[in-house]
Amino acid sequence: MQQAADDISVHHGCRLKFVNFEAHENHISHETQGLSDKHLVVRRGKPFKLTLLFHSRSWNPRTENLVLEVCLGGLSERIPVLFSKERCKPKGWSATLYPGNTHPQSVIVHICSPVLCSVALYDLLLHIEAIRHRRSYVVGTFVLLYNPWLKDDPVHMPLDVHLEEYLRSDYGLIYMGTHLNVSKRPWSFGQYEPGVLEACLKLLQVSPQHLSDKHTDYMLRLVSNAVYQAGIKPTDWSGSADILHRWVSSNCSPVRYGQCWVFAAVLCTGTLEYPCTSIHKVCVYVCISSCVMSCRNFHVWVECWMRRPDLGAGFDGWQVVDPTPQERSAGLFRCGPSPVAAVQLRCFGAPHDTSFIYASVDADVIRLIVRDGRVVGRTVDTEWVGQLICTKSLGSDRPENLTQTYKGRCLGETSPSLEVSLEIDGVPSLGESIRMSVTITNQSSSRRILMEHVDAQLKEYNSSPQESFWKTHKEVHMQPCEVLTLHHIIPHCDYESVLAGEDIVNVAVVIKDMRTKERVLAAQEFSISSPWITIEIEGGDSIQIKKQHTAQVSFSNLFISSLPGAVLTVEGSGLLQGKQEARLPGEKIEKTVSIMASSPGTKLLMATFSHSNSPHVVCRSFHRVSVTPASC
């Protein structure tokens, strides 16, 4: 309910008293419950209703006309309020009075926007016009979003199971690590948190593209270039709401720091009800040029669902949008939207940035062995890039393999006379020894005397390997056409001061023929599995909205040594205010927290564990909580 602001002091004729935005009914009808407590939020192309209440003198349709006006920036459009007996689909803005909607001191107006109307925050005015007077009122504001439920909207998504996963769900998973050991990290999109929708709208308003051309709607190209400059470590973020709130409160200054999974997760929040999902590519080396590698263990981007009338129906559906600033596109750091179908079919001319995305998922890796500044060995690997491309499965936390939707087949090179491969035994866990095997194949008919060099290095997400924390070398004698397997063990004591949970380890082996000086190389990357944090909700995992519940969070130290400076941290967007910590010595650390949900749906309670001997978070865990409406 909002009181109207009268801007003309004329005392005769009909006067507006209140406007009831019918928010509860409209939000249910438009599937926008919980998105904002400040504005009416509706979807384009679908009617919503307002109730206009007048002062003691009722509105006379024979002598006075009602005209609504919607305003967006410097643009506006007048909408005459017309009587109609039938519900139709107008091409432009419409305001309709149906039979039974007119009462002595009020009328119910049904407003409908065009299906391709700009997504934005609109101002709404009402004009009461007669021959001798005109009275105008500032009615209020409303937010217009995309409408995936509407067939004519380019973002239409027909299946409800897809809408539940890609639109309504308030949490997602970030898959990290390597194809040998894919780890997952929870992310709270926070789309139902107070102020998040308004922050996303602010992104559009302050964009340089929007300020220079307010008549053009290119939301995905715009948002993919919006929030960050490269604060807070990227690994410490767990949700979008905190980032967006910081951005707004700092007068739209860059939020530091972000990495690809942070950029992609915030974009999933900031697409203003565009159906989208985050895509994860592991074991990746991209943009190889002049033997210089941009080394990246994994990368995360976003797919958004929409039609592409500029390209034809064959390119409708999922579109790649990558918000991580990597290369300029049309002068700005942005990437996409590019159809996934165009990437798979190698249609490099399809807009936008398809050739760059293709190179990111299907490039060749050239490995060079360099000694004293000279290249002494060279191999080409056509399979390394994009070994696994995945996203969260529908209704499940398991990764769905999307590799074949992006990649075509590649032809490998002929086999050399000396081959080497490296395999990690099982999935290494923090606190256990790392076991690996090196297999050498002598394809020649001659004996060989070889030197084996193996070393292991810690590798940051997007950087080259650091100094080796473990290495070994030995002489190997091989018979003609022999296949030999060598086994190696890295004990926990050799890496405990270097590695933490989810860290990436790069292991490389170089085999050198002592007579011919021929060298071959194999490399493998893997992540260390971390210990588990136990999270239990008293009374079960289903709780009622706005009722207090108790959660028990605990971590047991299974390591051989004690852990000084141990800290257990608990947080949960929509369940807890801020973060809560427990700092207790001993073999087990526990924290009891009180949680209360502010909105229905699936929420995440997240916990991390760290200690002073490790520079990183040792382990993290999450627990899904189903929030149901309060019982009557």
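Each residue, glycine too, has its Cβ placed from N, Cα and C.
Because TrEMBL annotations are produced automatically, they should be read as predictions rather than curated entries.
If you look up TrEMBL, you'll see 252-325 marked as domain 'Transglutaminase-like'.
Counting every protein chain shown, the number of other Cβ atoms lying within 10 Å of the Cβ of C260 (active site) is 24. The active site feature in TrEMBL is assigned to C260 (among others).
If you look up TrEMBL, you'll see H299 (among others) marked as active site.
D322 (active site) has a Cβ environment of 28 other Cβ atoms inside 10 Å. Under the heading active site, TrEMBL lists D322 (among others).
Across the fold, the C-alpha of D322 (active site) and the C-alpha of C260 (active site) stand 9 Å from each other. Its Cβ placed at the centre, H299 (active site) has 24 other Cβ atoms within 10 Å.
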